[in-house]
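Colleague: Pulled the feature table from TrEMBL, pasting it below:
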BINDING   Gly166, Arg167, Ser168, Ile232  NADP(+) binding site
DOMAIN    6-121  domain 'Tetrahydrofolate dehydrogenase/cyclohydrolase catalytic'
DOMAIN    140-288  domain 'Tetrahydrofolate dehydrogenase/cyclohydrolase NAD(P)-binding'
Amino acid sequence: MSATIIDGKAFAAKVREQVAGHVQRLKDENGLTPGLAVVLVGEDPASQVYVKSKGKQTTEVGMNSFEHKLPADTSEADLLALIDQLNKDASVHGILVQLPLPGHLNSDLVINSIDPAKDVDGFHISNVGLLGTGQKSMVPCTPLGCLMMLRDHLGSLSGLNAVVVGRSNIVGKPMAQLLLGDSCTVTIAHSRTKDLGAVCRQADILVAAVGRPEMIPGDWVKPGATVIDVGINRIDAPEKGEGKTRLVGDVHFDSAAAVAGAITPVPGGVGPMTIACLLANTLTAACRANGLAEPQGLTA
Ligand SMILES: Nc1nc2c(c(=O)[nH]1)N[C@@H](CN(C=O)c1ccc(C(=O)N[C@@H](CCC(=O)O)C(=O)O)cc1)CN2
């Protein structure tokens, strides 16, 4: 292995430390405590873990955490009523509805009912449009975390060839917009792109967000490229014992690390940055709501 490992866990800890410093100043100088409301519908085990982690990290940086756990059969009307109440609550600066939602609920409708100024996930159609037109918006947490790690590792991204593999609304598309905003030449590829390997080999920055375990092998990576692996896939790990599993990314780590200049691991890469950026977005939302200067370096 020759690549530098980009340690997302350590980076996320630094972001949280910065957020905590800003929160303390807001409390001392403005009597303001940022508040984040997280809504979980149903009992998806992974979502339960993420929501618990969000609540814990929110209070650890000194913010108020409001958790709303609703049964899986909650009606759309009841969920929309809760969001309406949170929209009106001045102590709530950020609102997040954990995804995926149970199948009977229309995710687009639910997300678009959140006040865009409190939409700390950056998924509301207004924030999508603002980001797409280069205006001030709330930026989706996972792509924001990737951008922060890229800037930290590479400095300027200007003029670099970036390939984003994956076209989801929550990662692939906003990631491409952010890279464009930093003057990269951006290609959005996906599982049906013709000769995907040849496209990936052009990338100075390769962002993998397809959700397919170890789909991108080392011989698709340009020597010296920076590889950001967004995938979090649980696969069987019989070598660890019967019934055991392990997490892998969308990139085949060992073969890619032998070629890349730098690479994020899974776990411990992009994942921890998602929650750190959620806290950063909540802080940003609280500052904007109160006409205060936004923290530098924690937004796009
Ligand atoms: N409303 C939202 N829903 C979901 C989002 C989101 O950003 N907003 N993202 C994902 C889940 N997610 C946060 O919600 C998330 C995923 C992974 C991690 C993380 O730290 N992963 C660890 C590994 C964790 C493990 O052991 O399973 C890592 O990669 O090191 C944090 C947050 C879907 N839903």
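Glycine is treated like the rest: Cβ placed from N, Cα and C.
How buried are these features, and what lies next to them?
Modeller: Same-chain residues at least 6 positions away in sequence with a Cβ under 8 Å from that of Ile232 (NADP(+) binding site) are, in sequence order, Leu247, Gly249, Val266, Pro267, Gly271.
In the domain 'Tetrahydrofolate dehydrogenase/cyclohydrolase catalytic' (6-121), helix, strand and coil residues by DSSP number 60 helix, 19 strand, 37 coil.
Secondary structure of the domain 'Tetrahydrofolate dehydrogenase/cyclohydrolase NAD(P)-binding' (140-288) per DSSP (helix as H, G, I; strand as E, B; remaining residues coil): 59 helix, 30 strand, 60 coil.
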Colleague: For the domain 'Tetrahydrofolate dehydrogenase/cyclohydrolase NAD(P)-binding' (140-288), would you mind checking the mean pLDDT of the predicted model?
Modeller: 98
Colleague: Within its own chain, what residues at least 6 apart in sequence put their Cβ under 8 Å from the Cβ of Gly166 (NADP(+) binding site), listed in sequence order?
Modeller: Gly172, Ile188, His190, Val207, Ala208, Ala209, Val210, Gly211, Val230, Asp250
Colleague: Inside 10 Å of the Cβ of Arg167 (NADP(+) binding site), count up the other Cβ atoms and send me the figure.
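Modeller: That number is 18.
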Colleague: Under a threshold of 6 Å between Cβ and any atom of ligand 1, which of the binding-site residues Gly166, Arg167, Ser168 are retained?
Modeller: none
